[in-house]
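Q: This is the feature table in Swiss-Prot:
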BINDING   98-100, 129-132, 139-141, T187, S319, 324-326  substrate binding site
REGION    120-140  region 'Disordered'
ACT_SITE  H188  active site, proton donor/acceptor
ACT_SITE  S318  active site
SITE      E331  site 'Important for catalytic activity'
Amino acid sequence: MKNYRTESDSFGEIQIEEKFYWGAQTQRSLENFKIGKQKMPEILIRALAILKKCAAQVNYEFGDLEAKIATSIDKATDRILEGEFEDNFPLVVWQTGSGTQTNMNMNEVIASIANEELTSKKGGKSPVHPNDHVNKGQSSNDSFPTAMHIATVLATKQQLIPALNNLLTSLQDKSKDWDKIIKIGRTHLQDATPLTLKQEFSGYITQIEYALERIEDALKKVYLLAQGGTAVGTAINSKIGFDIKFAEKVAEFTKQPFKTAPNKFESLAAHDALVEFSGTLNTIAVSLMKIANDIRLLGSGPRCGLGELHLPENEPGSSIMPGKVNPTQVEALTMVCSQVMGNHVTVTIAGSNGHLELNVFKPVIIYNILQSIELLSDSVNSFVTHCVKGLEPNIARINDLRDKSLMLVTALNPHIGYDNAAKIAKEAHKHGITLKEAAKKLNLLSEEEFDKIVVPEKMIG
């Protein structure tokens, strides 16, 4: 049999199961928004706990919280950050667009934990009040966007950047000895002039290097925090200097360069910084899609495709075709990239709907951004472990395709002209003979002249 306690808010009393620490507003949200199962991301909850910890410290230093209250809030946030109350943050993304109910969920749980410590009884509003103490000098309108920025930075630094560095290092290590492997290039999915396998992979390496640079550039605005703007950006009910001191506390706690936003009206009404950051995630997805698809194409086969790369064989690929092995890591990564691109569309639409003084698409913005970060991070690490590290060049196939390519004829342009070189290529293709044989047949070059000019090793820059 479940036990219940009575909590109350401005709408009256409501029953809450005794084992939970949340209060009336959280319970109402649970009952009013039974929409989907997409809960607020755990790292956003952590960001809110960090926010409340730092706010309580500043309020104490400003003389607005007595020591007992501030200390109890501080201890409660520590316990939340240690993961002790994970089941007490049950709200879904599909709620008020300001994130008010999740902000109050955090306020109520912190107050309840603190009150249990001070009175041996959870819940209630005394001696620690969720609004008057935990939320002091704050509004959901500045607290939730602040938590959005903190969560984005933490997820990026803890998950995405390490994953991309892992991929970068693996690509560099894998390709460093491939500078002598000369293969045929392809443009428009047609044969082109030669390059080395290392040169081909250097393009992928640079894409990832640029991705890391883009992240750092896009984070510059995400480091700016809305806290202190309160309801509409005017800082009503917040003391002068609270915003600056708060940002310093968050920076100190997280070891990240957070600062107070210079214009709080922009920070509440718009989320351009996060839309821009989502655009960076979208660009990274574009880069990864290209890299993964190239590796898939180069590894196609084993007998009837390009077959220039051997991809690791991780599991059976077909329920009907015995012995078939598929590029499953590539498929997983490219599906993630598709999801991230879709997430960016959602973030773009949500960001464009910041009406007047408050954008009320905040939960869906941060949900999609954090999902994109998580999916990209996990899929990249999986791709590295189960694909990139096991890539091996198929030297025999690479040499065979290179030597058969008609586009080696490009080396003849400076010597016999474009038109004559084209005649050789067409003649070779039409009759299924080599370029050398076609050049001799057309009386344009001797075998000796051809061998002196058409040297793949001299065509790679």
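Cβ atoms are placed via backbone N, Cα and C, with glycine included.
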Q: Do you know offhand how many angstrom separate P130 (substrate binding site) and E331 (site 'Important for catalytic activity') by C-alpha?
A: 47
Q: Of T100, S140, T187, N326, the binding-site residues given in the record, which has the fewest other CB atoms within 10 A of its CB?
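A: Minimum Cβ neighbour count within 10 Å, taken over the binding-site residues T100, S140, T187, N326, occurs at T187.
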Q: Say you check the Cα of S318 (active site) against those of the recorded positions S98, T100, H188, K324, E331; which is nearest?
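A: Smallest Cα separation from S318 (active site) among S98, T100, H188, K324, E331: K324.
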Q: Measure from the Cβ of S98 (substrate binding site) and count the other Cβ atoms within 10 Å, all protein chains considered.
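A: For S98 (substrate binding site), the count of other Cβ atoms within 10 Å is 21.
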Q: Take the Cβ of E331 (site 'Important for catalytic activity') and count every other Cβ within 10 Å, whichever protein chain it belongs to.
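A: Excluding its own Cβ, E331 (site 'Important for catalytic activity') sees 12 Cβ atoms within 10 Å.
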Q: If you measure S140 (substrate binding site) to E331 (site 'Important for catalytic activity') at Cα, how many Å is it?
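A: That separation, Cα to Cα, works out to 40 Å.
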Q: About how far apart, in whole Å, are the alpha carbons (Cα) of T187 (substrate binding site) and E331 (site 'Important for catalytic activity')?
A: 23
Q: Measuring Cα to Cα, how many Å separate T100 (substrate binding site) from E331 (site 'Important for catalytic activity')?
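A: So the Cα of E331 (site 'Important for catalytic activity') lies 39 Å away from that of T100 (substrate binding site).
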Q: Counting by DSSP, what is the helix, strand and coil composition of the region 'Disordered' (120-140)?
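A: Looking at the region 'Disordered' (120-140) with DSSP, the answer is 6 helix, 0 strand, 15 coil.
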Q: Tell me, by DSSP, whether T187 (substrate binding site) is helix, strand or coil?
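A: In three-state terms, T187 (substrate binding site) counts as strand.
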Q: Counting across all protein chains present, how many other Cβ atoms fall within 10 Å of the Cβ of K324 (substrate binding site)?
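A: Cβ-Cβ neighbours of K324 (substrate binding site) within 10 Å number 11.
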Q: Please report the DSSP secondary structure of N326 (substrate binding site), reduced to three states.
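A: In the DSSP reduction, N326 (substrate binding site) maps to coil.
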